[in-house]
Amino acid sequence: MSNIKSTQDSSHNAVARSSSASFAASEESFTGITHDKDEQSDTPADKLTKMLTGPARDTASQISATVSEMAPDVVSKVESFADALSRHTTRSGAFNMDSDSDDGFDAHAIFESFVRDADEQGIHIRKAGVTIEDVSAKGVDASALEGATFGNILCLPLTIFKGIKAKRHQKMRQIISNVNALAEAGEMILVLGRPGAGCSSFLKVTAGEIDQFAGGVSGEVAYDGIPQEEMMKRYKADVIYNGELDVHFPYLTVKQTLDFAIACKTPALRVNNVSKKEYIASRRDLYATIFGLRHTYNTKVGNDFVRGVSGGERKRVSIAEALAAKGSIYCWDNATRGLDASTALEYAKAIRIMTNLLKSTAFVTIYQASENIYETFDKVTVLYSGKQIYFGLIHEAKPYFAKMGYLCPPRQATAEFLTALTDPNGFHLIKPGYENKVPRTAEEFETYWLNSPEFAQMKKDIAAYKEKVNTEKTKEVYDESMAQEKSKYTRKKSYYTVSYWEQVKLCTQRGFQRIYGNKSYTVINVCSAIIQSFITGSLFYNTPSSTSGAFSRGGVLYFALLYYSLMGLANISFEHRPILQKHKGYSLYHPSAEAIGSTLASFPFRMIGLTCFFIILFFLSGLHRTAGSFFTIYLFLTMCSEAINGLFEMVSSVCDTLSQANSISGILMMSISMYSTYMIQLPSMHPWFKWISYVLPIRYAFESMLNAEFHGRHMDCANTLVPSGGDYDNLSDDYKVCAFVGSKPGQSYVLGDDYLKNQFQYVYKHTWRNFGILWCFLLGYVVLKVIFTEYKRPVKGGGDALIFKKGSKRFIAHADEESPDNVNDIDAKEQFSSESSGANDEVFDDLEAKGVFIWKDVCFTIPYEGGKRMLLDNVSGYCIPGTMTALMGESGAGKTTLLNTLAQRNVGIITGDMLVNGRPIDASFERRTGYVQQQDIHIAELTVRESLQFSARMRRPQHLPDSEKMDYVEKIIRVLGMEEYAEALVGEVGCGLNVEQRKKLSIGVELVAKPDLLLFLDEPTSGLDSQSSWAIIQLLRKLSKAGQSILCTIHQPSATLFEEFDRLLLLRKGGQTVYFGDIGKNSATILNYFERNGARKCDSSENPAEYILEAIGAGATASVKEDWHEKWLNSVEFEQTKEKVQDLINDLSKQETKSEVGDKPSKYATSYAYQFRYVLIRTSTSFWRSLNYIMSKMMLMLVGGLYIGFTFFNVGKSYVGLQNAMFAAFISIILSAPAMNQIQGRAIASRELFEVRESQSNMFHWSLVLITQYLSELPYHLFFSTIFFVSSYFPLRIFFEASRSAVYFLNYCIMFQLYYVGLGLMILYMSPNLPSANVILGLCLSFMLSFCGVTQPVSLMPGFWTFMWKASPYTYFVQNLVGIMLHKKPVVCKKKELNYFNPPNGSTCGEYMKPFLEKATGYIENPDATSDCAYCIYEVGDNYLTHISSKYSYLWRNFGIFWIYIFFNIIAMVCVYYLFHVRQSSFLSPVSILNKIKNIRKKKQ
């Protein structure tokens, strides 16, 4: 250590000596970036040095350009600069640096110059230490949670009573207990513990994320003396919690994601007064260079379902985004998950740099920390079942436990050793004589710690630090620094950096980027609007200007409003809410700013569709073709569309789940449909619901649009003069009346204003008053949405609570435990993970090797930016039964790509040979191999045991006894240590199994299939601690010893774990092989290869896995001069591998293959009928336990039924009553829209699970996903439609006789449910994603509703479209429902519905009308009168049926037609899924069409 400088003065002197002249002259400066000292021109290194250390500072853009110019050399030096800065801070906070180092890129001087510049220019850098004293946190006791089912609804009163009782007597449990810590500014604290130890909870408490702890948090957390409550109120932006999961907007690129985060934190006062643009670019390039993301700038971030960057790169994006938040205190929760060993080390070094130079404070949990990573930290704390068992300097931890009696095994990393102590079933090396003295349980460890001198010293250090810090000074620095950073219009007390309107601007810009990134949704939206406008416009083509077209004109305008109301349903989305919560935690922007920004960004795209829609519809339908009318209707349609869209978005902002939002939106949709005043006019509304029309924007828009259309219009009476025909035509019009609303005796026309006043109570002077009202609605909804979004608290979560199957023994056992002492005091995210995690004594003696898997010269190429990109480059290898092959390489090297290619899961240009026993793979390959994916995707409502049982039944041969399969499942449960939670529901992330338990389940699902060829595993230890990882690898070793072939990618193996593998395939970026061959005992074989080919000698204390990754230049920023791929191609080992591969092919191809009896080379292991049985059971079970989904469905039907029933209560016998009966049936059908949205939201999860995991393993036939989903939906729809029938039909008070009621029930509750469930699923299964399905569904519904004869009578339809009236299934449902209600129903017109006229002198009304009534419908109310004859147009309900082109006699004909549509939906559902997802035909995709057009243009150019 004599050559290490540790004082601040020496560091400053070193920087001062780094002038541009000495830098250029020094032979040691920028080693590896060689140049002739006599050259006249400056090298890039010289330029950069002058910029940073010369008297005149250059701008960030010039620096960035210069770094780019020298990038090939500079990047190769970043790792060495990280090493230099990865020394420990001393008590004084200075960093250490080797003075003899010949590192070329003097990063310390560069970073120090920035810090010095900030100091010279008076720019403060915030920093604070953290003191944690006796902190405890309580949560709901998750050990006795029971999953709810549909049975809870059937016993609703008892369920409500139990819920109230449970709420009052809610059991709490200790999550963390009496934790203490001290982190001075500039220190890094490593938090160790197994999953479930409370590490995540400790970090959340430290970061102030305490809302989720139902039992509250006690103790004291302070930041340089500032209490946590005050810190969260005034300086929340400085405390950052970075969660374990990577949630991002998938359609944004990496560059856009980072730019946005940096822009939100761009200070007003910047070093050297660089511009905002330059600041953002330089920061982004800095983070991207450190984490190796520059090559991904233009790649989408993606997620589990949207292709983007790799999982490791996505994790690095998360880290860079968190750093962009510019916190002074960071809490990193398992931030190295998914990173390879080299990149994980670089991450730790990067955090070390930030703490050294910026004096930030970091708390980090890492489940698999290598010795190199461990040594970058200052202090370490160890948690065991929520209890703290050590806190202190890292080099004192091992001696502390050695004094206790525990010894660290040779070559075991210190972090691994410390974590292993908290595993009661793990292997522990104990000093002789201490076997009965060492602590074993969490309580014993805690007692030892509390009585230790180390604990007493820690308490003294905390007390001394609290005395030392100047809290007021810290506040002053924070206030001054934040004032310097805040932009001009940011509130003084706000902890956000940029002003609110700047946040809105940035969120709007990001909204445009998101929409552009997801082109398919936008294209589908606009195209559907254009298609619908052509169809509807042609349906109402040249609507007559006479009275016969008045109702149709209203129908055109109503349809336009209804269509964009339905489109508003598609805007309900919850997938981005976790991202919003994360960014809120980072203090990037107000959630309300995103609410406004997303609205503003989507508005232009909505306007494009709406404008195209309206222009086509307006001119085709023949509306009032004046400029005033055109622009007025367009304006009000736009205002109403935006207002209703705001209404639905407001609803989604206040709801917790998608099902809740869909249910409420469904009720609102019915209200919008009914109370627009088109279906039921104001005079006909009942007083208890009439107020609804006044609180919805559509009523005001519809009034103004009708006024614009009918004001000043003279409508001739067409075919409605009464009486007419025969001798009546010779009489004067003085003896006739126009049988139309608003008519006057003796007039052959009706004024538009009179029609509106009498029919709707509308007056023209309200037109522009309504404009103001609509503005109020629009602004009101937006304001409410903004408020709800800003202050909406997330659903309490973060700690995964286990939920047991109802009635399970495990649940009953825990529920009976009264004493709190019996409750495991461990983190809710893993209550039972620490139990039974050690090595299990189960033996696999029944695995028999079935073949050798060989791949030779495998290449994989994909289209990329108009060209091709090779992801795998002539990779060869083999897997022999009884061996384990590790697949390693840095993130993005192609490990997962190779695994997917070998497992037949990639689609692209694949060349090379993949053989089993020397022969090409057959149809049974996928099901005879197991594949454990990185993504842990499962059915949330199944238990662990049920998930395993289903996999075993589907993937093992059918001829095997079921008892044998189930016994093997139980064996796997024991081997994986899952007995304690085998009856627990899988659940969702945050409420169910935790990361480790999900990973074990993913492995178990493949193991129970007992693959007899090969087991692929993609990062099986990702997210697990070292002990769980060891247990998993030991399990794989047992499988290999029993004859299993295993190929496994692995990121961060310890030395002991790495040496468990027999063979290694090492890849570098570009999918190029660097090594394939044996590892050897103590890694001797592979180390010999690398040392012999030019790598430095590996020290005996080093981890061989990290050593070889370092040697080949793996990592985000590392680089080496040697071309290890070229060395491999020229090596003896490569020739031996080629020979071995060819020998295996030659020898094995001559042998006869052995196959298990009954195990034919078929695609599936079981028959279709067998699959159908168990897939249906699984899907039905999932539905039965989905209480939230079922409750949402029930509320939609129940409330919807009551709503319709009491809106049209007692329709009566009047003319309006006839219309109301028809509209009641029409609205009942419209209710299917939100119901289908619910169906699609539910079904998409099962589709994604099948496509991502189950289809890849050939578990069962793809059609069963569709069919079982359909069959499982039906019982609930039949049940809840019965509730709807009772609550809607009988309040109408039409006919109560059983025959009519039964027929109505048959049509609506059975036939209609069978129809629309299939329709909703069919549309979903043809769509690329859920939002697109919602749009297409809206298009189809509006299409069918338009042609069912309600809004436009068939008599007025153009001849071309009458076939669509016949083709629309809703036509026949409306005919039957209305026919049942109106058949033989007598009509008695109300006084205002009668048409009055005078007969000729000397005639009574009856005598005068007798000839007319013999041919026409209706009746005279006063036949003996001689004046003011009162005529009613209908006499019986069947007259009205005839008017709408329907007859009661069509009832059973239509019933047969229903079956045709039902079967068509089912067949079409299967066919479209096969076309678009099995065959993956993409030629119909709008984006594919656009891309093909672009490619054609490029070729022409």
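A Cβ is built for glycine as well, from the same backbone N, Cα and C atoms used for every other residue.
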Among Ser80, Ser652, Ser1186, which is annotated phosphoserine in Swiss-Prot?
Ser80
Consult Swiss-Prot and report the residue, out of Ser29, Ser552, Ser1083, Ser1182, annotated as phosphoserine.
Ser29
Pick from Ser64, Ser1119, Ser1449: which one does Swiss-Prot list as phosphoserine?
Ser64
Where Swiss-Prot marks phosphoserine, which residue is it, choosing among Ser86, Ser201, Ser573, Ser1445?
Ser86
According to Swiss-Prot, transmembrane segment applies to one of these ranges: 771-789, 1360-1378. Which one is it?
771-789
Any chance you could find the range in 554-574, 1190-1212, 1333-1352 with the most Cβ pairs under 8 Å to the transmembrane segment (1277-1296)?
1190-1212
Taking the Cβ of each of the glycosylation sites and counting other Cβ atoms inside 10 Å, which one has the highest number: Asn518, Asn730, Asn874, Asn1401?
Asn518
Write down the Cα-Cα distance for Asn273 (N-linked glycosylation site) and Asn1401 (N-linked glycosylation site), rounded and given in Å.
98
For the transmembrane segment (1216-1236) and the transmembrane segment (664-680), does the number of C-beta pairs under 8 Å, pairs 6 or more apart in sequence, reach 3 or more?
yes
Going by Cα-Cα distance, which of the glycosylation sites (Asn273, Asn518, Asn730, Asn874) sits nearest to Asn334 (N-linked glycosylation site)?
Asn518
Where's the emptiest Cβ shell within 10 Å among the glycosylation sites Asn273, Asn334?
Asn273
Taking 600-620, 664-680, 771-789 as candidates, which has the most Cβ pairs under 8 Å with the transmembrane segment (628-648)?
771-789
Could you check what DSSP calls Asn273 (N-linked glycosylation site) once collapsed to helix, strand or coil?
helix
Near the transmembrane segment (664-680), which same-chain residues lie under 8 Å Cβ to Cβ, leaving out any that are not at least 6 residues past its ends?
554-555, 558, 561-562, 565-566, 569, 572, 644, 647-648, 651-652, 655, 689, 692-693, 696, 698-699, 702-703, 760, 1196, 1199-1200, 1203-1204, 1207-1208, 1219-1220, 1223, 1226-1227, 1230-1231, 1233-1235, 1237-1238
Please report, as numbers and ranges, the same-chain residues at least 6 past the borders of the transmembrane segment (521-541) whose CB is under 8 Å from any CB of it.
515, 552, 555-556, 559-560, 563, 567, 570, 605-606, 608-610, 612-622, 1329, 1331-1332, 1335-1336, 1338-1339, 1342-1343, 1346-1347, 1352, 1356-1358, 1360-1361, 1364, 1486-1487, 1490
Sort out the residues at least 6 away from either end of the transmembrane segment (554-574), same chain, that have Cβ-Cβ distances under 8 Å to it, and list them.
525, 529, 532, 536, 540, 543, 602, 610, 613-614, 617, 621, 623, 633, 637, 640-641, 644-645, 647-649, 651-652, 657-658, 661-662, 665, 669, 672-673, 676, 678, 698, 701-702, 705-706, 709, 1233-1234, 1237, 1331, 1334-1335, 1338, 1341-1342, 1345-1346, 1351-1352
Cα-to-Cα gap, Asn730 (N-linked glycosylation site) vs Asn518 (N-linked glycosylation site), nearest whole Å:
67
Spatial separation of Asn273 (N-linked glycosylation site) from Asn874 (N-linked glycosylation site) - C-alpha basis, Å:
51
